[in-house]
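A short worksheet on the structure shown next.
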Amino acid sequence: MALRFPRFSQGLAQDPTTRRIWFGIATAHDFESHDDITEERLYQNIFASHFGQLAIIFLWTSGNLFHVAWQGNFEAWVQDPLHVRPIAHAIWDPHFGQPAVEAFTRGGALGPVNIAYSGVYQWWYTIGLRTNEDLYTGALFLLFLSAISLIAGWLHLQPKWKPSVSWFKNAESRLNHHLSGLFGVSSLAWTGHLVHVAIPGSRGEYVRWNNFLDVLPHPEGLGPLFTGQWNLYAQNPDSNSHLFGTSQGSGTAILTLLGGFHPQTQSLWLTDIAHHHLAIAFIFLVAGHMYRTNFGIGHSIKDLLEAHTPPGGRLGRGHKGLYDTINNSIHFQLGLALASLGVITSLVAQHMYSLPAYAFIAQDFTTQAALYTHHQYIAGFIMTGAFAHGAIFFIRDYNPEQNEDNVLARMLDHKEAIISHLSWASLFLGFHTLGLYVHNDVMLAFGTPEKQILIEPIFAQWIQSAHGKTSYGFDVLLSSTNSPAFNAGQSIWLPGWLNAINENSNSLFLTIGPGDFLVHHAIALGLHTTTLILVKGALDARGSKLMPDKKDFGYSFPCDGPGRGGTCDISAWDAFYLAVFWMLNTIGWVTFYWHWKHITLWQGNVSQFNESSTYLMGWLRDYLWVNSSQLINGYNPFGMNSLSVWAWMFLFGHLVWATGFMFLISWRGYWQELIETLAWAHERTPLANLIRWRDKPVALSIVQARLVGLAHFSVGYIFTYAAFLIASTSGKFG
């Protein structure tokens, strides 16, 4: 008999029903569960797949560069970044009628095009690219890297080139190489690019390979570096009248601590950015030489962890046993990596708008909104994934003997206290926040807005004041003209910071009031509830009072049969599944808040947010309804406009989202009956009955249906909001 899918599981391959296909897809990447898997093959497969991942990333970024060079208007945009709409790529669609062709022919293009809201134009411009030829060169280089990555992936699957398990478990060497090589050397290389190419480019000098060695980035060359006069590199920075991309008003400094923003581009000073990357490079190059490998010097991570027993005895045996636990569990390592990456991605979202690094991106409002929303959603999925793999670690890899009375074991020992405290925090936040919103809503409905409960966020305002915001009148730290920090700041460090924080044209430390106070606590409710569900799922993954033997059933199980009540819906997978809904809900509130506050800021009517955000109808009417009006009227009997595609996507997103409920609010027996009926009809219908299938059609399992429902819910939710966000922002600001 020919080998059937899935080849990695002979048991599943012999399943006579359609479960074979769905379950095969579901477990394709769960290498640990495959037939004949060994620890060595597991590590080697994952390692080789990393190269495939890199190849895809390089191919994708190469495609971005290639399509902009081929179909975009980069060179025209460079001449006038504030008024030319950047084109992502052309749209080829024979179904378009003439009104559509006209509506989508924008940005000086000859035919219908998509506008770029990803910020790539601003990024490429800032780092020194100026012509289509530059873009093509970059695309080819990335294509080359993609091919190299594919070859490397293939190579590391060949017997001679397969690394051993001991190589994968050499944590010190890996840390040294990743810290100094990946972060240190790459940051140093990036500093080099900024200093040699980007900064001269911002001053009107075009540096490429042909003149790279002739153009000195600084008039003094390397002299100050070797003579210790490093301060010379910071002298004579670009002036406030500097026109980006020209020599007008430019200076000669390459590494500065100016603070604040370039007045024309509203982005961080390039010389500050170069300085930052140099500092990062230095720190990581040092950090990459900390751990003991071949030479018998440096730290041994195992020794550090074994020695660390916190005083007072409250944490038991501290970190004993953790080194081997982490080093032998891929899920633990992945959980740590995802948790870190998730936080970093969310920080990227926050900092890309508040401290924009790319020239003119702050004035491209739709791009700002798109990038913030994009990074927050990505962060949400990555963070929930961290807890999922944490739970899998507890089920598959955790060894109680190895971790006796250490910090990990003690987390499990007092999980009731952790879970109940989180539950209390969630309940407190939820009832109080909703209570305030509902009270205010009723007061507005009864025509007595003055009876609202409006709480000033005085602690947050005090923190903003401590950083230099003067409008609240707190007179503390950097907002106090008498403080030594304030006086030092004028000359020594970041003199531009205080100007920037008190200028109302950027997003640094926005003025906050009662509306912000309320939505902040709504978001806190979402974060705490999401965390509660995820933490409970992980801490109860091995077992609970209700089901002490839970770990024997694996990560995702529907129930322990009909005869054991209370065992349904309590697998660690179910907790992850429920948490994703809360995660999406929370990020919905986060992005609504960010977007509405910024729309009013950009339009110059901040009072609309301040007045309407304190009650529920304000959010529904003055944010959601007002901003979706153009989408609801995307095309009508009079033709269409450039927002029509978003109007269609808005509808389509709702459709996908609603489809999710068909899988979520439904039971398996209903589908099985329906399938039996359809199969019966199929077999008795002429022509149709010529087509036979080998697998008996069966309904999706409970867990699979939930996954399909969750996927539709998530995708529809994000599509709907993406269309709303882009259309409502670009409709107002072009």
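The backbone N, Cα and C atoms fix where each Cβ goes, glycine too.
The transmembrane segment feature in Swiss-Prot is assigned to 46-69 (among others). Tertiary neighbourhood of the transmembrane segment (46-69): same-chain residues 31, 87-89, 116, 118, 120-121, 124, 132-133, 135-136, 138-140, 142-143, 145-147, 149-150, 152-154, 156-157, 163, 168, 330, selected by CB-CB distance under 8 Å and a gap of 6+ residues from either end.
Look at Swiss-Prot and you will find 135-158 (among others) tagged as transmembrane segment.
Look at Swiss-Prot and you will find 175-199 (among others) tagged as transmembrane segment.
As annotated by Swiss-Prot, transmembrane segment applies to 273-291 (among others). Here the transmembrane segment (273-291) has Cβ contacts under 8 Å with residues 171-173, 175-181, 183-185, 187-188, 190-191, 194-195, 198-199, 254-257, 298-301, 357 of the same chain, all six or more residues outside its ends.
If you look up Swiss-Prot, you'll see 330-353 (among others) marked as transmembrane segment.
Annotated transmembrane segment per Swiss-Prot: 369-395 (among others), in sequence order, evidence recorded as sequence analysis.
Per Swiss-Prot, the feature transmembrane segment maps to 417-439 (among others); the stated evidence is sequence analysis.
Annotated transmembrane segment per Swiss-Prot: 517-535 (among others), in sequence order, evidence recorded as sequence analysis.
If you look up Swiss-Prot, you'll see Cys559, Cys568 marked as [4Fe-4S] cluster binding site, on the strength of sequence analysis. In the three-state DSSP classification, Cys568 ([4Fe-4S] cluster binding site) falls within coil. Taking all protein chains in view, 15 other C-beta atoms sit within 10 angstroms of the C-beta of Cys568 ([4Fe-4S] cluster binding site).
Taken from Swiss-Prot, the feature transmembrane segment covers 575-596 (among others).
Sequence-distant contacts of the transmembrane segment (643-665), counting only residues of its own chain at least 6 positions beyond either end whose CB sits under 8 Å from a CB of the stretch, comprise 100, 103-104, 628, 630-635, 700, 705-706, 708-724, 726-727, 730-731. Residues annotated as transmembrane segment in Swiss-Prot, with sequence analysis given as evidence: 643-665 (among others).
Counting only same-chain residues at least 6 apart in sequence, those with a Cβ under 8 Å from the Cβ of His654 (chlorophyll a B1 binding site) are Gly716, Thr720. The chlorophyll a B1 binding site annotation in Swiss-Prot covers His654 and rests on sequence analysis.
In the three-state DSSP scheme, Met662 (chlorophyll a B3 binding site) is classed as helix. Of all Cβ atoms in the shown protein chains, 13 besides its own fall within 10 Å of the Cβ of Met662 (chlorophyll a B3 binding site). According to Swiss-Prot, the feature chlorophyll a B3 binding site maps to Met662, Tyr670, an assignment based on sequence analysis.
The phylloquinone binding site feature in Swiss-Prot is assigned to Trp671; the stated evidence is sequence analysis. Shown in sequence order, Ala699, Leu700, Ala705 are the residues of the chain, 6+ apart in sequence, with a C-beta less than 8 angstroms from the C-beta of Trp671 (phylloquinone binding site).
Annotated transmembrane segment per Swiss-Prot: 707-727 (among others), in sequence order.
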Task: Between Cys559 ([4Fe-4S] cluster binding site) and Met662 (chlorophyll a B3 binding site), the C-alpha gap once rounded to whole angstrom - done: 21
Open item on the list: Just to verify: the residue among Cys559, Tyr670 with the fewest other Cβ atoms within 10 Å, which of the binding-site residues is it?
Closed with: Tyr670
- [ ] Counting only CB pairs under 8 A, let me know which of 330-353, 369-395, 517-535, 575-596, 707-727 has the most with the transmembrane segment (417-439).
- [x] 517-535
TODO: Using a Cβ-Cβ cut-off of under 8 Å, list the residues of the same chain that are 6+ residues beyond the ends of the transmembrane segment (330-353) and lie near it.
DONE: 42-43, 46, 361-362, 368, 371-376, 378-380, 382-383, 385-387, 389-390, 392-393, 396-397, 507, 594, 598
- [ ] Give me the Cα-Cα distance between Met662 (chlorophyll a B3 binding site) and Cys568 ([4Fe-4S] cluster binding site), rounded to a whole Å.
- [x] 20
TODO: For the transmembrane segment (707-727), find every same-chain residue at least 6 residues outside the stretch whose CB is under 8 Å from a CB in it, and list them.
DONE: 26, 117, 366, 369-370, 373, 377, 577, 580-581, 584, 588, 591, 595, 627-628, 630-631, 634, 643, 646-647, 649-650, 652-664, 700
TODO: Determine which residues of the chain contact the transmembrane segment (369-395) at the Cβ level, with the cut-off under 8 Å and only residues 6 or more beyond its ends counted.
DONE: 117-119, 329, 331-332, 334-336, 338-339, 341-343, 345-346, 348-349, 352-353, 412, 530, 534-535, 537-539, 541-542, 551, 554-555, 572-573, 575-576, 579-580, 583-584, 586-587, 590-591, 594-595, 598, 718, 721-722, 725-726, 729
